[in-house]
Amino acid sequence: MSYSNLKLFALSSNKELAEKVAKTIGISLGKSTVRQFSDGEIQVNIEESIRGNHVFILQSTSSPVNDNLMEILIMVDALKRASAETVSVVMPYYGYARQDRKARSREPITSKLVANMLAVAGVDRLLTVDLHAAQIQGFFDIPVDHLMGAPLIADYFVRRGMCGSDYVVVSPDHGGVTRARKLAQFLQTPIAIIDKRRNVNKMNTSEVMNIIGNVSGKTCILIDDMIDTAGTIAHAADALAEAGATAVYASCTHPVLSGSALDNIQNSAIEKLVVLDTIDLPEEKLIDKIEQISITDLISEAIIRIHEKRPLSPLFEFTTFN
């Protein structure tokens with residue numbers, strides 16, 4: 001099928017993924033340049049006509065978070081002024097998602113602010129993967145397509161025979177139970193939950209309190225939406241090992257991996273950490289314990305279905321990628 005009126009542009013954060021998606025769809029990446037003035041000010045130039053086209057921008061708001069967000073906003077403004085028919089943002093990793101509520105007095109709800117900024121800039125639709133808090137979809141007055149990474153993670157483990165009653169899918173906290181239950185459904189395993197208490201006065205840290213469920217003599221598969229400093233996932237893995245788990249694997253959609261993350265992973269009971277490529281990882285972060293799998297097919301199919309006005313519901317099923 002011809003996609004002559006479909007354009008896909010990459011900015012700075014996910015160029016390799018964007019190239020793979022464009023190739024899978026059967027189109028060329030749109031021609032554009034992003035540069036910074038000496039004071040850090042961002043300028044975007046679109047180097048081809050997009051008048052009347054349906055345009056998709058692929059960019060995660062990963063580090064540097066603020067630069068990547070500004071690139072999106074400026075690019076959207078440029079596309080709108082150049083008479084694009086529609087502008088959709090494909091944001092595999094939605095930054096600022098952890099600031100989705102007021103945990104303490106006088107705190108902002110920055111997730112809502114970012115949603116407002118995208119809408120005011122002129123975004124017609126947002127496509128993202130595994131929001132840290134699903135209710136962020138409700139911050140938008142435009143359509144939000146919220147894809148799941150669990151089918152891809154399930155495919156990884158099923159292909160290695162890691163499914164059934166000898167395995168347990170573990171949520172590292174109560175907030176991730178729905179995600180863990182979905183993966184457990186795909187892998188046909190029971191689930192367990194780590195009961196933890198987070199120290200609100202110290203960022204990126206949490207304390208493991210208790211394990212709800214039987215993990216003794218089982219291979220455990222931890223699943224989370226993101227891993228930042230890896231303190232939570234490393235402590236959870238160690239707690240599972242102490243509780244009698246025979247092996248501990250971990251998985252996440254978004255490998256933020258900042259600060260001491262690599263040391264925490266390397267020194268933990270985790271045998272293998274499976275991550276998606278919603279965030280580009282430099283070679284030095286791809287240590288032996290980390291294996292990255294691609295969301296290329298998921299994003300490509302989603303873009304095609306949006307462009308052709310077909311439902312995205314099949315993308316939520318494990319059989320789509322099996």
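Even glycines carry a Cβ here, placed using N, Cα and C.
For K196, the entry in Swiss-Prot reads active site. According to Swiss-Prot, the feature ATP binding site maps to D39, G40, E41, R98, Q99. Residues or ranges marked as Mg(2+) 1 binding site in Swiss-Prot (evidence: sequence analysis): H132. Residues or ranges marked as Mg(2+) 2 binding site by Swiss-Prot: D173. Among the features that Swiss-Prot reports, D-ribose 5-phosphate binding site is placed at R198, D224, D228, T229, A230, G231, T232.
Feature map: Swiss-Prot annotations on the structure.
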residue	record	DSSP (3 states)
D39	ATP binding site	coil
R98	ATP binding site	coil
K196	active site	strand
D224	D-ribose 5-phosphate binding site	strand
T229	D-ribose 5-phosphate binding site	coil
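Of the listed binding-site residues, namely D224, D228, the sparsest CB environment within 10 A is found at D228. In this structure the alpha carbons, written CA, of Q99 (ATP binding site) and T229 (D-ribose 5-phosphate binding site) are 17 Å apart.
Under the DSSP three-state reduction, H132 (Mg(2+) 1 binding site) is assigned to coil, being neither helix nor strand. Nothing from the binding-site residues D39, G40, E41 places its Cα within 10 Å of the Cα belonging to T232 (D-ribose 5-phosphate binding site). H132 (Mg(2+) 1 binding site) and G231 (D-ribose 5-phosphate binding site) have their C-alpha atoms 17 Å apart, to the nearest angstrom. G40 (ATP binding site): 9 other CB atoms within 10 A of its CB, across all protein chains. When the binding-site residues Q99, T229, T232 are scored by other C-beta atoms within 10 Å, T232 scores highest. Nearest in space to D39 (ATP binding site), taking C-alpha to C-alpha distance over the binding-site residues D173, D224, A230, is A230. Of all Cβ atoms in the protein chains displayed, 17 besides its own lie within 10 Å of the Cβ of K196 (active site).
Annotated pair D224 (D-ribose 5-phosphate binding site) and G40 (ATP binding site), C-alpha to C-alpha distance, rounded: 34 Å.
Only D173, from the binding-site residues R98, D173, D228, T229, place their Cα within 10 Å of the Cα belonging to K196 (active site).
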